[in-house]
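I have placed the structure first, in the form of structure tokens, so that the comments after it can refer back to it.
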Amino acid sequence: MEIPFYKMQGAANDFIVINNMELKLTDKQLVFLTKQACRQRFSVGSDALMALDFPQKNGDFRMRFYNADGTEAEMCGNGVRCIARYAYETGVSGQEMVIETKAGDVYCWRLDQRKYRVQINEPSIEKFDLHFPDNNISLDYVELGNPGVPHLVVHYPSLQETPLEEIKPLAKKLRSWEILAKGANVNFYAVNEKNEVILRTFERGVEDFTLACGTGAVATAYVLLKKQIVKQNPLTLQVLGGLLEVEEDNQHFYLIGDTNIVTKGYICDEDLLI
């Protein structure tokens, strides 16, 4: 079976994108496809797979987001920007769209050929100044949407100078902290002498640091602005994959950034039996 796909990336988060309105794959088939096609070196390779699907309510379409390990996540900020462009480029929607996700409806606008603006779901849970006993650190917890995308936000002053391999053991502990029923993505941030925000995110499902995380950027910006640690608005965050911009407007938070269509074609993987 040949499967039409786009390979896209936003801030170096890369995705396989398919139209399940046409393919009509079952949930089980989508999980199998994800696990196979996302494998680096053995197949297309990507951080995740996104399936554009029929809306269940009044949205333009539904976004199904699968991490490389086959787990289905609530949503993904960089992924939303990419699937919005995919929907526009393939004629599924216009320049403004409502995207249904497991975390709720997401509103998205096309700003130019590559740049998209996404209104991220408002926090449904926020817990500030939690204490993690193992390392005696204070951190914040935010869930974006309902059910929410879980994020821990951790101040790590020496972030730029410390290799991520040294931070990874702590990231793994926090990602699976027993008080968090769903686990969490873990966002480490530092504010440098120029008042610039440096961000590194350890993502659940990927189980490693990634080059960028859109919802992680929004969760971090939410905490920093809410606690008045920074006051810039819009706020630019430096991630490994480039720059992400988060804007707060009338208590709504928006993620703004470029998208990139890397390639398009057909998945012809002979190990893929669907």
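Using the three backbone atoms N, Cα and C, a Cβ is placed for every residue, glycine included.
Per TrEMBL, active site, proton donor is recorded for Cys76. Around the Cβ of Cys76 (active site, proton donor), 29 further Cβ atoms fall within 10 Å across all displayed protein chains. Reduced to three states, the DSSP call for Cys76 (active site, proton donor) is coil.
Sequence annotations record features per position, and here TrEMBL assigns active site to Cys76.
There are 32 other CB atoms within 10 A of the CB of Cys213 (active site, proton acceptor), with all protein chains counted. The active site, proton acceptor annotation in TrEMBL covers Cys213.
Marked as substrate binding site by TrEMBL: Asn13, Asn67, Gly77, Asn78, Asn185, Glu203, Arg204, Gly214, Thr215. Same-chain residues at least 6 positions away in sequence with a Cβ under 8 Å from that of Asn13 (substrate binding site) are, in sequence order, Asp47, Ala48, Cys76, Asn78, Gly79, Thr210, Leu211, Ala212, Cys213, Gly214, Gly241.
Cβ environment of Asn185 (substrate binding site): Val149, Pro150, His151, Leu152, Arg175, Thr201, Phe202, Glu203, Arg204, Cys213, Thr215, Gly216, Ala219 lie under 8 Å away, each six or more residues apart in the same chain. Note: the substrate site is recorded as Asn13, Asn67, Gly77, Asn78, Asn185, Glu203, Arg204, Gly214, Thr215; in the same chain, Ala73, Cys76, Gly79, Val149, Thr201, Thr210, Ala212, Cys213, Gly216 also have Cβ atoms within 8 Å of that site's Cβ centroid.
Spatially close to Gly77 (substrate binding site) yet at least six residues away along the chain are Val118, Ile120, Cys213, Gly214, Thr215, Gly216, Ala217, Val218, Leu255, judged by Cβ distances under 8 angstroms. Largest Cα-Cα distance over the residues recorded as binding substrate, namely Asn13, Asn67, Gly77, Asn78, Asn185, Glu203, Arg204, Gly214, Thr215, equals 15 Å.
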